[in-house]
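Visitor: Per TrEMBL, domain 'ABC transmembrane type-1' is recorded for C:71-277. Look at TrEMBL and you will find C:12-38, C:70-90, C:102-121, C:152-176, C:212-234, C:254-277 tagged as transmembrane segment.
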Amino acid sequence: MSSLSLRALSKSYGPVQAVRGVDLDVNEGEFLSLLGPSGCGKTTTLQMVAGFVPPTTGSIVVDGQDLTSIAPEKRDMGVVFQSYALFPHMNVAQNIGFGLEMRRVERGELKRRVEEALAMVRLAGLEGRYPSELSGGQRQRVAIARALAIRPRVLLLDEPMSNLDAKLRGEMHVELRSLQRRLGITAILVTHDQVEAMTMSDRIAVMTNGGIAQLGTPQEVYDRPASQFASSFLGHTNVLSGRIESRIADEATVRVGPTAFRTRVAKDQVTPDIAVFVRPERLRLGSPDQATLQGRVSTRLFLGGSWIYEIETELGMLRITQQNTGTVQAEEGETIGVSWNAEDLRVIATERSDG
Amino acid sequence: MSGRDISRNGPLALIFHALLTVFILAPLVVVMLVSLSDKEYLSMPFDGMSLRWYREILAAPELISAFWLSIWLGLASATLATIVAVPAALAIARHRFFGRDGLMAFLMSPLMIPHVVLGVAFLRFFSIMEWTGSFVALVLVHAITVVPYSLRLTLAAVIGLERDAETAARSLGASRAVAFRRILLPLILPGVAAGWVLAFIQSFDEVTMTIFVATPGTTTLPVALYNRISQLTDPVTTSVSTILILGTMAFMFILDRMVGLDRVLIGKK
Amino acid sequence: MASSTHQTSRGLPWLLSLPALALFLALLAIPLVLTAILSFNAFDGMRGIQQSYGFGNYLEILLDGYYREIFLRTGGMALAVTLICIVLGVPETLILAKMKPVWRGTFFVVILGPLLISVVVRTLGWSVLLGSQGVVNTVLRGLGLVDEPIRLLFSMTGVIIVLTHVFLPFMVIAVWSAMQRLDGQIEHAARSLGAGPFTTFRRIMLPQLMPGILSGAIIVFALAASAYATPAIIGGRRVKVVATTLYDEFFNSLNWPLGAAIAVLLLLANILIIVGCNRLVERRFKQVFA
C-alpha cells in the first residue's frame, strides 16, 4: 500500500500546455479517477506518473520518495493499457510472468505468483493460450493480472474498459472494484466515462484544460458541482435562468420562475442574472394545478427502468427522469405540472468558472 | 531535473540517424557537386566551378536521343501496363473465381524474376522472332516488367473502397455502367494515376534487363549512361545524372500530391 | 473482403484479365520456356548452338570450380548485404517510428526516395566516393585511420557498400510494415513491468518485428544476388558475380546455352529462397500472429 502525491505537475508540448500545475494526493488504498473529456490532460498525467513522459515541472512522490526522474522500469507501477498491450508472441503465463522475470523472481515462486494472479482474475487454466486466442474480456483480465502480478505500489488504469461491450464493462466495473478493495491497492483510473468513474471510485478528480476542476467523492461531485463544466460533464443538468433579488455579501436570494431560494453566490457574480442548475431526477411531475410550473410533454422516452420526459415550459425545455413504477404519468402533447424543492436548486458558488 | 521521454529518440539514436542520412544522400549529393566541376576527370574535392559539363551534354547527341527514347518508352509502356492492369485489378479485387490467386501471382511475377533472367529470356525470344532492335518489342517487355506496380496501386485503391458507395448509387437508380463510370472510376483514379507514374519511373530507370536487348537504335538513357560509365569517366555522366535526380524529385513531388509518397513507396495504408 | 466480392458472371473476371494474361503468356511465359529449352542445347565453340540436348551445361556449371566459386561468391555477397541492411535498417525504422509525423514524412522521402532514382546514377555517385582519390579515402586519411588509400573501387567491399545503399530502402519498408501491426503501447507495457530499453527491444520488439525483418531479408537477398549494374560498375572485371558472368557468356563468350543454364539456376535459386523463406515465416509465426 502506497500513497501518491503530485506536486504542481505540468507538461508543455511547445506552446501547448497539456497539464497545468496539478496538485493531487492519493491516499493509501484509495481508488481515484481522473475524469474528463479527451484532451483534458488526464492521460498525460497518468503517463507522467508511469514515467513514460517526463514532466516539464513539478514532482511525483510515492511514499515520500521522489520518482520524478526515475526510469519507468524502476517505478513499480502496474499499468493496464487501453489496448491491453499484451505481448502477442508470449502466452498468458509468459505475459503475466514477464514482470516477475524482470525482477529475477525464482522459478517456483514465479510460477506460484502467476497462478495466484490468474486465479485473481478467474482465468485459471488458460496459461498456455496466446493473446490472439483470447476474447476481449479475457485479454483485459490478463492485462490486469500482468499488472497486479508484480505487486505494484500503484495500479494505473488507462481507459481499460473502453474496448469492452456495455454488458462486459458493467461486470468488470464491479469485479475490478472488489479486487482493488480486497488487495487494498492504491489505484488511479483514467476515464471519460462518468458512470465508470462514479461506480468505481472513492474520489473523482474532474479534469478540464489540463487542470483539476473539482475533486471529491462521486456523490459530492455529482450533487454539488463546483463549476458549470463539472455539472454538465457528470450526468444531465437542466440550466434555468434565475435572477438575484437581494444580496448580502455572498448570500443571495435567487428567483426562478415562481419560486425563490437562498444560496451562496460567487464574489465575482456582479450581474443579477444567474444560471441555476437542477438534476432531471430532482424534478417531479404532477397534476398541472398543484405544480410550481406548467408545461407540455414534448418527447417521452422509455429506458426500461425509467422514463425520460422533455417538457416545454416558460423557463425553457426541462428534462425530467422518473422511475418506471408501472403507470404512465403523461402522454406526449399532454399538459402537465412540474415541481421541485428549493434545496435541489444549485448555483455555482465558487469563483472557478468552466473552461 | 526530469527523466527522459521514452517515446522520443535519444541522442545515440539521433546520431545513428544522422550518419545513415549522410550515407543515403552522399552519392547523390556528390554526383550533383561533381557535375559543377571544371576538371576533365571525376574527382572530389575540386577547385573551380563551371557549367561546362551541362553544355557538353549538347555535344553528346547519343545521350540526348537516348533520353527521348527513354521518355517515349516510359510513356508507352506505362500506358500499356495501365490499360491491361486496371481491368485485371478490378477482376481480382471484386470477384472470387477459380485461379484468382494464381492469376495474381502470375501478374506480380516480374517482381520475383531477376531482371538479368528477364533480359536473357527476352534476348533469346527477340532473336528467334527477329524483333531485335524493335521499339515496339521493347515497349511490350517493359510493359510486362512494370505491370506489377500499376496492378498493386490500382488494387490498393479498389480494395480500400467501400462497396457501399456503388451500392448506394445503384439504389438511387444508377445502372451498373453508370455506377462504374460516375462512382468507382473517379474514386480509383488517383490510385490508377499513381500506378501509371510509378510504372513510368520504373520503366525509365530500368537498366539490367534492357542492357540485354538494347541495340544501338534502341539504347535507353540508363543503358547509355551505363555504357559511358563503364568505358570512360567523364563528368558529362554526372551532369546528366544531376538532371535525372532533379527530374525524379519533381516526379516524387507529383506522386506525393496525388496519393502521398509514403503510400506509393510502402504500398499500403 | 468476402462481402465485397460477388459471383454474378463467371466469365467476367477472366474477360477483364484477358489483355494482361495474353501479354504475359506471349511475352513472359514463352520467352522463359524458350530460355529453359536453350539451356539444354549443346554448344560448340566453333559451330555455335547445336541441335542436340542434354544436361551438359548444368554439369559444367555444377562441376567446374570456376562457376561454383562465382555462385558461392555471389551468395556470400548477397548474405553480407542482407545482414548489413538488417543492422542498419531495423534501428533506423525504430527511430523513424518515434519521430514526429512531420519529420517522419521528410525522412521517409529521404530514405525511400532514392528507390525511384536510377541505380546507374546512384552507383556513379559511389564510384566517385570510393575511388582511391575519392571522398571516402580522403576522409579516412584525413582522420588518420589509414595510411594508404584502401581499395574500395573494384573490390568486393565496395560492391557490398553500394548494394547496401541500393537495397536498404526495401528493408526499411518491410520492417515498417511489420511495425504498423504492433500495439503502440506495448513498449510502455514492457517498461512498466521492469524491462530496461535494451531488454524491451530484445524480448518484446524484436520477436514481433521478426516476420518483417525476414521478409525484408528475402527481398534484399534475392535482389542483391541477381544485381547486375552495380557489381559491373563498382566490381568491374575483378569481382565477378552470377549476373555479370551471365552477361559475359551471352556477349563475350557467346555461349548462349551455358548462359541460359546459369539464368535458369539463378531463377530457380531465387524462387527456392523466396518461397522457402516465406513458408518458414508463415509456419513459424502463424500461431502468434493469427
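Any Cβ shown, glycine's included, is placed from N, Cα and C.
Note that TrEMBL annotation is computational and uncurated.
Just so it is clear, the model here is predicted, and its values are computed rather than measured.
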Visitor: Of the stretches C:12-38, C:70-90, C:102-121, C:212-234, C:254-277, which racks up the most C-beta pairs under 8 Å with the transmembrane segment (C:152-176)?
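Guide: It is C:212-234 that shares the most Cβ pairs under 8 Å with the transmembrane segment (C:152-176).
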Visitor: To the transmembrane segment (C:102-121), which of C:12-38, C:212-234, C:254-277 is linked by the most Cβ pairs under 8 Å?
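Guide: Per the Cβ count, the answer is C:212-234.
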Visitor: For the transmembrane segment (C:254-277), which recorded stretch in the set C:12-38, C:70-90, C:212-234 gives the largest number of Cβ pairs separated by under 8 Å?
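Guide: Between the candidates C:12-38, C:70-90, C:212-234, the best contact partner of the transmembrane segment (C:254-277) is C:212-234.
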Visitor: With pairs restricted to those 6 or more apart in sequence, evaluate whether the transmembrane segment (C:70-90) and the transmembrane segment (C:12-38) have 3+ C-beta pairs under 8 Å.
Guide: no
Visitor: Any residues 6+ beyond the ends of the transmembrane segment (C:12-38) with a Cβ under 8 Å from its own?
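Guide: 49, 256-257, 260, 263-264, 267.
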Visitor: In the same chain, who gets a Cβ under 8 Å from the transmembrane segment (C:212-234) while lying at least 6 residues past its ends?
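Guide: For the transmembrane segment (C:212-234), the list is 74-75, 77-79, 81-82, 85-86, 89-90, 119-120, 123-124, 126-127, 130, 153-154, 158-159, 162-163, 166-167, 170-179, 241-244, 247, 266, 269-270, 273-274, 277-278, 280-281.
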